[in-house]
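S.K.: Sharing a structure here in structure tokens format.
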Amino acid sequence: MAKTIKVIRKKDPKKKNLSDPLAKQKLVWKIGHVLTLVFGLLFSITYFYHVLIFFKYRSWKWLFLRVNKNYSFIQSKRWYMKLLSWSPQVMYRLSLIGVFMSESVTMQQNWVGLNPTWNDLLSSENFHTLLIACLWFFGGGKSFYKILPYMILSYLHLTKMNYELNANKEEKIPLTPKDRKMLHLLAYSELLVILALTLDTILFKTGTSGFMLVIYVGIYWLRLNFSPYAQVAVLELLVKFEKYVPKKYRDKWQVIKNFIYMKMKEHEKRTEEVARYA
């Protein structure tokens with residue numbers, strides 16, 4: 001009797017990803033960060049070009065503080081030119097949609113199998129990021145400074161993409177000196193948003209600037225309580241400007257510094273507890 005030959009079929013490497021239950025989520029995560037970075041950069045180009053031609057839509061009689069709302073960058077009345085004039089707004093929205101996509105996947109993975117409380121969500125940096133993105137998406141007014149933190153964050157995630165998608169939750173992502181500088185820039189860019197919103201409120205740039213400033217400061221207060229890089233950035237600023245503070249206010253200044261120190265210690269303690277019971 002002839003022996004039967006058992007045919008062993010090799011798995012197609014292209015079909016390997018189909019067996020990954022998280023393949024779709026990883027794809028959404030990658031697309032989200034790409035949208036944020038690409039459309040954020042494209043919007044930034046249009047934004048700074050608009051800044052360079054400020055003299056065309058701002059009156060010198062009002063020290064360039066008053067904006068001519070009837071001015072249009074594209075003067076043609078053709079329908080396709082009208083659509084083109086909306087391109088900065090579309091790019092701005094698409095960059096924020098990318099934030100919704102990537103952060104939603106990250107939060108879903110962080111809380112899978114769990115039932116997070118409101119306290120858990122309010123202490124989550126990813127939830128803060130989503131809240132701020134919703135504020136910019138629905139609050140009106142587009143600005144480079146508002147999406148700059150998201151572009152930096154997406155750049156960091158995409159450069160570490162292969163490691164993040166394949167590493168276990170317990171593994172820490174190695175940070176290079178360049179990554180630390182980018183995180184430092186990210187923290188300061190979030191503080192820059194407060195300054196930009198304050199100027200918009202003082203100059204009455206939009207009718208909602210004041211409300212957005214109050215809401216953003218409220219969310220940033222949460223970040224200051226739970227985000228280590230935000231705490232480090234604020235503490236560095238407090239130390240830098242301490243020498244300019246009058247002596248009679250030094251005690252109050254020290255109280256603020258002690259508060260930041262306390263929050264940093266609490267974060268270290270929480271991290272140690274999580275590592276211990278993980």
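Residue numbering: from 1, along the chain as shown.
Any Cβ shown, glycine's included, is placed from N, Cα and C.
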S.K.: So, in Swiss-Prot, are ILE31 and LYS205 both on one side of the membrane?
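M.R.: That fails: Swiss-Prot puts them on different sides.
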S.K.: State the residue range annotated as transmembrane segment by Swiss-Prot; the candidates are 70-86, 206-222.
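M.R.: In Swiss-Prot, the transmembrane segment feature sits at 206-222.
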S.K.: For the topological domain 'Cytoplasmic' (223-278), jot down how many residues DSSP puts in helix, in strand and in coil.
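M.R.: For that range the per-state counts are 52 helix, 0 strand, 4 coil.
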S.K.: The topological domain 'Cytoplasmic' (151-180): which same-chain residues, six or more beyond its ends, come within Cβ distance under 8 Å?
M.R.: 26, 29-30, 32-34, 36-37, 40-41, 44, 95, 98, 102, 129, 186, 189, 278
